[in-house]
Amino acid sequence: MTEREQFFRDVNKIVIKIGTSSITRKGCDHTRENCNIDPAFMESIAFQVSELRKQGKEVIIVSSGAIGVGLNELGIAPKPREIPIRQAAAAVGQSMLMQDWSRAFSRYGMKVAQILLTYEFYSDRVTYLNLRNSISTLLEYGVVPIINENDCTCTNEIEAIFGDNDKLSAMVASKIDADLLIILSDIDGLFDRNPKTHIDAKLLTIVKKITPEIESYGGDPTSFKGVGGMRTKIKAAKICSMAGCYVVIANSDVEDVILKIASGEEIGTLFLAERHIQKNRARWIILARASGTVRVDAGAKAAVLGKNSLLPAGVVDVEGTFDRGDVVKLECDGKIFAKGITDYTSEELIKIKGVHTDQIENVLGYSNYNNVIKKENIGILEELN
């Protein structure tokens, strides 16, 4: 078994970021200014995702290209400075992108879901929890989430924050506890100098630690349509590395590139994850200050210890006042055995304690979540050490 195969042996949740140049490159004319979506490329991605799904892996896509495609559709020259024009192009291009993604995945019997994000998803805790829960639910139903920045309503300079979604993909990967982020573009990986201007540039196959020297290899953006140069990709790798997520930067032109990367083939540049840092978000949950206590019965305790979610039927009592998104202690027979991030407030839990999931709506008048605490939001105390 090769080193990469060992690294990726337990990879389960994968985020795939696809750059503008990859989605449109084969659909460009000789001027490289008028670009259309490349349906064949999208079908290739859909096929590879379907194969990963057969292996039991979860896949999320972060797709760029809305502005570039929209500009072409509206007959506007590339990279206009006026933000309203770019926002309009994003609105037109995004709908076209989703139509083509839906068409590509439908050929393999899969459905897709559009998720448009702004920077607030990262800074607002409740919004972040909603994102996690939404993506988790979509994956449970076999739907492929396709994420993009909401350029149409962005109040900051479009793409200035996320850099053609490089940073966005890293933030998504880190927040949903992905094991691997694959960044596909029109470049083979990270070189020690710009390969487009230096024929002797050397490809780095592995980066064990992102040092100032590694960051200096970033250079300036080189892609004509996208805004995500190597510098933003290195920053994305840095975010993921600290969250315990591997990153591979590779060329989307490689046949079955996603499948080859996931199987451990040495393609592109691999940035190692700092697995000892936040390897399991449960450590953070366990060390966080609890806002209250949820008492559960023995059956619920056994389910939680067995890596299952906490259901309202197993809740016996609630102590303290807390909101959705707060960390609470889980207690059984007078002993605290776990902590978790609750999806319901203390007031709501008091009303639905002991209630079966299908009765939540009858009690509250609504049912946002089937679980009180999702399994990925639980930390078992005995696992801290």
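Glycine residues also receive a Cβ, built from the backbone N, Cα and C atoms like all the rest.
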Fill in the blank from the handout: Among Lys13, Lys17, Lys374, Swiss-Prot assigns to the ATP site of Ser185, Asp186 just Lys17
Handout entry: Among Lys17, Ser64, Asn165, Ser185, Asp186, which are binding-site residues, the residue with the most C-beta atoms within 10 angstroms of its C-beta
Key = Ser64
Handout entry: Separation of alpha carbons, Asn165 (substrate binding site) and Lys17 (ATP binding site) (Å)
Key = 8
Completion exercise
If you measure between the CA atoms of Ser64 (substrate binding site) and Asp186 (ATP binding site) and round to the nearest Å, you get 13
Problem - Asn165 (substrate binding site) versus Ser185 (ATP binding site) - Cα distance in angstrom - result: 12
Handout entry: Between Asn165 (substrate binding site) and Asp186 (ATP binding site), the C-alpha gap once rounded to whole angstrom
Key = 15
Exercise for the section: Would you work out the biggest C-alpha to C-alpha distance among Lys17, Ser185, Asp186, the residues that bind ATP according to the record, and give it in angstrom as a whole number? Expected result: 12
Practice task
State the three-class DSSP label for Lys17 (ATP binding site), counting H, G and I as helix, E and B as strand, and everything else as coil.
Solution key: strand
